[in-house]
């Protein structure tokens, strides 16, 4: 809306692409190339056949026939390279019935390296066809004795064509090696992240496009205020009958013709239905939305006149004779089957004829696994709110797996989608968890896209390095092809090579270390939070030789990859659920019962905490007794995720400390050193003076009494919200706490668990 449609003009560029990219264009181009040769043969040589004219004719025809043949042969070779994966899939599917993931992985690898194969086949066909035409047909070149060739220039041309073949072979081998490295690297480095993001996006898209069925009383659906809104508010099953042209069934049996599965996949699912990629300028907008065109409506309209439509459909009053209906259906179906088969054959022929085998027009690179129409955190929050209100049942403040069943075909898919949001595996989802998951998926998709882009730039640099090595190899091959004396040439080359080895020794070593660091070790990706030498850094951009990091204060730091090769790097994003300790001191005379009560209060809060920021268990551990002056304890902070989101980590840490402060005040836990007795001695006799009267009966101060709590008003202090007396805020279910053994096993026996 508001965008002018770009007119597609048939210009010179499109004509060239048509001639070189399709079979029809290649055939026309071959005919145009052959035409001058035929004109020379019939209108120039035939009227006056002399030896000179025969020599000229043979040269012209040989070159033009060679060019025309390679135009057509190259398209066929490219088509064979393209259809190999489809043929393999078809054969395996026909034989075993299922294509394994290992075969799919091999086919994906072949698809990533198939483009460099085509130039090698082109060069080979040029070499073979040149030998056939110039040697065996027109006798212009003699391979046994080059000096006796009819055309004196053909020996040098033969060397050039041979050089072009080896040039294509070496360069394409280098490209295939680069593509293989890139494919293997992306498969190992990003496979899990891509799979996780794609599964999350698939589940989110199903939830986003789901529209619950509206229940209306049994009355006419057309009695609404406006015709426009009546079409929009018509229930799904009524819209199916309306658009399909079916009459409303008159019997209860006919009313059960539409199954619930059909209702779930009705036209309700067509609204905002799927991921829509933003195409490049000049490209048509594509979607996975099923389109209902007018021909489909006409076919559906015709279907209502076939009697009987089904064994359960329609009443006996409006159904015709079965014999007549069957004959009418047979007469109607036979031409339709023939027309359908002819249409499919025509489409297949059109696809084959217009197939861009040489990839002249380029690939559509916009379609990938990261396309999502949520492009900001605001949209992610809005989508989370929409999903929450769509699936939440009235009177409940959490979601359970059963709520997702209507949006998915099977219960297993619904439970798998539920696990995308239920990171703590407690069986329910809060509103905060839905919002947190969507924001995490949005950020992960953005960081993953940037990381793959930066790695692509590093791979480009690696490709250039490999290209230089390939050109060096090609140089030595060319010396052999053109008959250059290698011994005299290598003498000077050895001298240059020895000098270059001293000059570029350190650079080559650094480049090798950088390649090993980035593509073999691969300790981080773009957007990862890393801890290097007590520095809290975020990867901003990766390169083959250097990496740009951003500190918390916004400053940027450049690290050479060869320097990072010998450093310890902690990657927060790749870490699992992390934890840390809260260390505090309490008075020596604090009763152990109060520490146990503090642990129970903290566990109660963690189990009912609304944001699900933490795992539902912690413990208080006595760590140190400092000369009976105070007790030092640690309380584990069991985060429910890692520290990739640093701001969220600080919010969670602040909320946990606020909770400890809140319950410590309620329980009367304080910290002060024990009273140290002071005795005065006579400096001459060194006898201790007696205490002043009354001091021997003095008692040590007790810990203060718990402070009264006003539970009428619930407040939120620094992210901590104290629960009411029942311990279940906002109706949230209490999460199941883990045992201490499980906490030790999960966190590796860290202090405080």
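Note that Cβ sites are derived from N, Cα and C of the backbone, with glycine treated the same way.
Remember, predicted model here, so these are calculated numbers, not experimental data.
Among the ranges 46-72, 73-99, the one that TrEMBL lists as transmembrane segment is 73-99. Panel annotation: around the transmembrane segment (120-141), residues 58-59, 61-62, 65-66, 69-70, 73-74, 77-78, 81, 149-151, 154-155, 157-158, 161-162, 164-165, 167-169, 172 of the same chain, lying at least six beyond its termini, place a Cβ under 8 Å from a Cβ of the stretch. The stretch from 20-44, 161-185, 455-482 that makes the most Cβ contacts under 8 Å with the transmembrane segment (73-99) is 20-44. Secondary structure by DSSP for the domain 'EF-hand' (409-444): 25 helix, 1 strand, 10 coil. Counting same-chain residues at least six beyond the ends of the transmembrane segment (455-482), those with a Cβ under 8 angstroms from any Cβ of the stretch are 159, 162-163, 166-167, 170-171, 173-175, 177-178, 181-182, 185-186, 189, 489, 511, 515, 518-519, 525, 542-545.
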